[in-house]
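Worksheet: the structure to be examined is printed underneath.
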Amino acid sequence: MGSTNMSYLNLKTVILIGIPGLEHVQFWIGFPFLGVCLLALLGNIFLLIIIATERSLHQPMYIFLAVLAATDLGLCVAIAPKMLAIFWFGSCSMSFDACLTQLFFIHALQGTESGILLAMAFDRYVAICDPLRHTSILTPVFLIQMVLMVAIWAMVLVGILPILLKGLQLFQSVIIAHSYCEHMAVVKLAAEDVHINKSYGLFVAFAILGFDMIFVFISFILIFQAVFHLPHKAAQLKAFHSCTSHIAIFLEFYILAFFSFFSHRFGHISPYAHILLSTIYLLVPPALNPIVYGVKTKEIRRRVAHLVF
């Protein structure tokens, strides 16, 4: 035991093995993930260009959508290059500091995305429940403050995770059974007490995802109450239609997030199933978000057609 502790006393490099149990087919798994990443990159870049150049989209909902697109781009850039290098070129080694940096950006961007979804739910709540005050409440200054608050909240909470990991001294392994540096996967390398790391990781998950999900749920309950009290059926349908894309994105994000989170800590699914699920959770929403909003928004559809044709 003493030699093992001495071997990993100062962890400098970690080894990411990709998807344990599927190493023999990782090369081929990389191609559909590349397709998803390219779709996410192109879709979100198009979305940012359209929102920036189309004056009719300079509204709170689309400004939040632009921030969401930028966050999705960041997630793809943080995950895809190293993951595909592991799958295709066997480039599995990574410095511990680089691993902690990737961990910070992935989880901070996740937290930011969740906060932006909550901000979008708040925008829909004000637009439907108090439409006359929508522009006076969601002013440009308020939008900037809200986006900054969401980003800072996520970065501060998540920033403590790598600091706690950096404080660990004894490690039983350098092999991370994952395709990217995920918090719990790195915590499992330690050969000392990690109760603080695990407890704080749970706190961050509930403080960000749990808090946001509860308030998104409350927002939509209030929205539906307001919609059903509208006097005309046509007005009800129009109001509900303005929320359908948001509902689809919220369900997609939070269902995948919590299934991935709880299966990793409390579930008994196979490691490769968990890693595939967690990778899908991080990469598929960025690819689907531009499609969902593009299909549901006439201005975005028209602008895409103009750019393409």
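Quick reminder: no glycine exception, Cβ is built from N, Cα and C everywhere.
Note that the structure is predicted; figures quoted are calculated from it, not measured.
Taken from TrEMBL, the feature domain 'G-protein coupled receptors family 1 profile' applies to 43-293.
Per TrEMBL, transmembrane segment is recorded for 27-50 (among others). Residues of the same chain lying 6 or more positions beyond the ends of the transmembrane segment (27-50) and with a Cβ under 8 Å from any Cβ of it are 19, 57, 65-66, 69-70, 72-73, 76, 80, 83-84, 87-88, 279, 283-284, 286-287, 289-291, 293-294, 300, 303-304, 307.
Among the features that TrEMBL reports, transmembrane segment is placed at 62-80 (among others).
What TrEMBL records for 141-165 (among others) is transmembrane segment. Beyond the ends of the transmembrane segment (141-165), by six or more residues, the same chain brings 60, 63-64, 67, 100-101, 103-104, 107-112, 114-116, 118-119, 183, 186-187, 196-197, 200-201, 204, 207-208 to within a C-beta distance below 8 angstroms of the stretch.
The annotation transmembrane segment is assigned in TrEMBL to 202-227 (among others).
Sequence annotations record features per position, and here TrEMBL assigns transmembrane segment to 239-262 (among others).
Residues or ranges marked as transmembrane segment in TrEMBL: 274-295 (among others).
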Let me know the model's mean pLDDT on the domain 'G-protein coupled receptors family 1 profile' (43-293). 87
